[in-house]
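Participant: Per TrEMBL, active site, proton acceptor is recorded for 72. Taken from TrEMBL, the feature Ca(2+) 1 binding site applies to 73, 76, 78, 80, 82, 94. The substrate binding site annotation in TrEMBL covers 170. TrEMBL lists 200 with the feature heme b binding site. Here TrEMBL flags 201, 246, 253 as Ca(2+) 2 binding site. The feature disulfide bond is assigned by TrEMBL to 41-121, 74-79, 128-323, 207-233. The signal peptide annotation in TrEMBL covers 1-29.
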């Protein structure tokens with residue numbers, strides 16, 4: 001269903017309904033169903049949740065990492081687990097693509113989940129792509145976010161593409177027009193952009209992703225935040241030093257949008273949702289709406305995650321035994 005808080009954004013809402021209809025039609029080639037494993041392995045989802053909860057308890061940041069892993073998987077040829085594949089003589093995979101290298105993490109947790117699921121199911125019946133999708137949902141829940149029914153039954157890709165990852169994953173340096181265009185290329189709307197960007201209520205970003213903003217975007221960046229971050233993120237060092245994406249990086253809440261209202265968005269792409277042009281845009285209004293209505297954000301985030309999880313590219317593929325290798 002389309003978002004229930006579209007309220008006055010009629011154009012956004014119409015496009016959202018059309019986009020979801022397109023996704024639903026595309027998924028007919030490989031039907032997805034939240035009850036896909038109910039009969040073949042009812043222990044599958046509890047096994048995933050157990051490992052995720054254990055991992056997040058040890059390191060809360062891992063919840064954000066698993067959520068991001070799902071996002072980066074889905075934006076490259078659909079949610080097919082291709083991001084998990086190691087390089088082979090036949091292809092260079094996505095792990096070393098610019099948006100992922102030294103950044104995307106959680107592969108070891110996915111490996112542990114896959115082993116636990118195979119043991120619980122008595123065999124290899126759950127795809128790695130489904131493991132990633134469910135782990136993302138369970139990570140959000142573990143950090144206080146909303147639950148939602150994950151569509152299941154994906155197949156795992158047999159190839160991965162570094163070039164496709166470089167082209168398809170939105171960059172933290174993108175302006176608003178580029179972000180809207182990128183999401184539209186995946187059948188997602190400007191409202192989906194704002195809601196899914198709210199996933200930055202969790203986790204951290206590396207200095208290399210926000211350095212330019214610290215030193216060259218003073219007009220749209222709170223001066224006290226800039227001064228605070230320039231120490232750990234100097235002009236010529238500290239690429240891997242981390243800063244939180246919002247004030248409560250281990251708790252799912254609406255603080256991300258409040259930060260944007262105070263010009264404290266860490267990434268250029270974040271602040272663009274509010275300062276994306278000379279005149280107000282629908283994204284400006286959506287940021288203000290979610291800042292004032294955290295329950296609407298929770299509800300719409302869950303809906304948008306289901307839509308994003310419906311991005312698939314056909315019925316081919318396999319169920320990998322080892323998520324890092326083609327069977």
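The backbone N, Cα and C atoms fix where each Cβ goes, and this holds for glycine too.
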Participant: Excluding 73, 76, 78, 80, 82, 94, which residues of the same chain place their Cβ within 8 Å of the centroid of the Cβ atoms of the recorded Ca(2+) 1 site?
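Facilitator: The surrounding set, listed in chain order, is 72, 74, 75, 77, 79, 81, 83, 129, 157, 160, 164, 165.
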Participant: Taking Cα atoms as reference points, which of the disulfide-bonded residues 79, 121, 128, 323 is nearest to residue 246 (Ca(2+) 2 binding site)?
Facilitator: 79
Participant: Would you find the one among the recorded positions 76, 207 whose Cβ has the most company, meaning other Cβ atoms within 10 Å?
Facilitator: 76
Participant: Can you tell me how far the Cα of the residue listed as 'substrate binding site' sits from the Cα of residue 79 (disulfide bond), in Å?
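Facilitator: Rounded to the nearest whole number, the Cα-Cα distance is 16 Å.
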Participant: Quick check: of the recorded positions listed here (41, 200, 201, 233, 323), which one has the Cα closest to that of residue 78 (Ca(2+) 1 binding site)?
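Facilitator: Ranked by Cα distance from residue 78 (Ca(2+) 1 binding site), first place goes to 323.
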Participant: Counting only other Cβ atoms and using a 10 Å cut-off, which of the binding-site residues 73, 94, 246 scores lowest?
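Facilitator: Relative to the other binding-site residues in 73, 94, 246, 246 has the fewest Cβ atoms within 10 Å.
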Participant: Using a 10 Å cut-off between Cα atoms, which of these disulfide-bonded residues sit near residue 80 (Ca(2+) 1 binding site): 41, 74, 128, 233?
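Facilitator: Those close enough are 74, 128.
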Participant: Let's check the environment of residue 41 (disulfide bond): how many other CB atoms sit within 10 Å of its CB?
Facilitator: 18
Participant: Would you mind ranking the binding-site residues 82, 201 by how many other Cβ atoms sit within 10 Å of each Cβ and giving me the lowest?
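Facilitator: Result for the binding-site residues 82, 201: minimum number of other Cβ atoms within 10 Å at 82.
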